[in-house]
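Worksheet: one structure, shown below.
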C-alpha cells in the first residue's frame, strides 16, 4: 500500500473510473456535463454539433433516442459526417453548479499538493520550468498526471470540449504567444495566482488577477471572440446540476481527499529519502490527474464559456466561471492560512509538508513580492491572450490530450514559444534601456 507508484496509479484510476458510477452511462451513451446549448436542428431536422457551445463529435444518433433531457444535450444527438463534425452557432448555458463543483475539485488538488509537497499548484510554472531548464521531476509528474487523466476524457466527457473551426488556429496561436509571455513575466496564471495566490491573500497575486481579468475582458470584447467562436448574442439559460452528476463530482473529490490523506500518512511514516522522493512523484502525478478532472467538470475547457465570461457587454455574458475560482479559493484559503499562520496559529498538522522537507512558497515580503511594472505587463499580456483565445495553459493541456484539436495544439505550441523567448526579449529590452539611460558626466 505504501509503494508510491501503486498509490498514485490507484488514485488516478479511481478518479477516472468515478464517472462509471453514473447510471446514465449505459451502452452507447456518455456523461453530458451541460455546458452546451438547447436543441438545434438543420433544415432536414437532423441534429448538428454545436461547436460554439463546446460539443465534440461523438457517436451517431441512436434511432428513437431522446435528444435532450431536462434541458441538457444528450450525446446520442451528436451526429458526424464524412467531412467531420459541423460547426454551428449555439447559445451557451449558465451552469454555476458545475463550475462550483469543478472548482471544489481543483481546490482539493491544490490543498493536497500544498500539504503534502509544500508547493503551489501552478500549471504555467510547471511548463516554464521544463521549457527554461528547471526540469525537476515533480513538474513532469504533475503534467503527466494531467495528460494521462485527460486522454480518456473525450470518451467519458465529450461535452467538456469545444469543436473549434480550423480558422480559429491563427487567433489561438497569437493568444498562446501572449499567454506564454505574460505568464512568464508575471510568474503565474489562473491557477498559480488566481487560486493559490489569492488564497494566500497575496497583494501581488490580487493585482495580477485583476489585471489579467480586465485585459481579458477588453481583448474578448474588442476582438469579438464570441463571434469568432460562432456563439450568438443570446442570454445563457440557467441549467441546474443533476443529482447523478453531482454525485459523480463529489465521488471524485472524496476519493481524491481520502487518497491524499493516505499519502500524507505514508509520507509522515517514512524516513527513507528515496522512498519519499518516489512518493512525491506519485502524489504530484495524482494531483495533476485530479486537477484535470476539476477543469473538465468546471467548464474551463470551453473557450466559448471563457469568452462569454470575459464579454460583459454581450447578451451572452456568462458568469459561470466566476464560481470556479470562488469555489477553489474558498476551499484552499483555510489550508494556505493554516500554513502561513498569519490569521491564526499554525496547527501541528500544517507545520511542515507530509512528504517534502519544507514549504516552498512565493515570498510574502521583499523584492520578490512587490507589485512592479513587470508583473502588470505580464498580467496585461496574459489577459490579452486569454481573452483573444479563450484558453489558458491548464485547460488547453487537457483539451489537447483529449481531442488533439489543431487550434488547441497551435495555442500550446505558441505558449511554449512565448515561455522560451521571454528571457531573450527581457534581456534585449534591459540592454536597450541601459544603453539609452543618460550617463553622469564627471
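From the backbone N, Cα and C atoms, a Cβ is placed for every residue, glycine too.
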Range annotated as transmembrane segment in TrEMBL, from 56-74, 75-93, 341-359: 75-93
Non-local residues, at least 6 beyond the ends, that sit with Cβ under 8 Å of the transmembrane segment (206-234): 51-53, 87-92, 162, 164-165, 168, 171, 182, 186, 188, 190, 193-194, 197-198, 303-304, 307-308, 310-316, 371, 375-376, 378-390
Among the ranges 99-116, 136-157, 246-266, 317-336, 408-425, the one whose Cβ pairs under 8 Å to the transmembrane segment (163-185) are most numerous: 408-425
Long-range Cβ neighbours of the transmembrane segment (380-402) (under 8 Å; 6 or more residues past either end): 123-124, 127, 143, 146-154, 157, 160-162, 171-172, 174-183, 185-186, 189-191, 211-221, 223, 225, 229, 291-292, 295-296, 300-307, 310, 408-409, 411-412, 415
Close approaches to the transmembrane segment (278-297) from elsewhere in its chain (Cβ under 8 angstroms; 6 or more beyond its ends): 4-5, 7-9, 11-12, 15-16, 33, 98, 101-110, 112-113, 116-117, 121, 123, 137-138, 141-150, 153, 157, 160, 191, 249, 252, 256, 259-260, 263, 266-267, 270, 328, 355-356, 394-395, 398
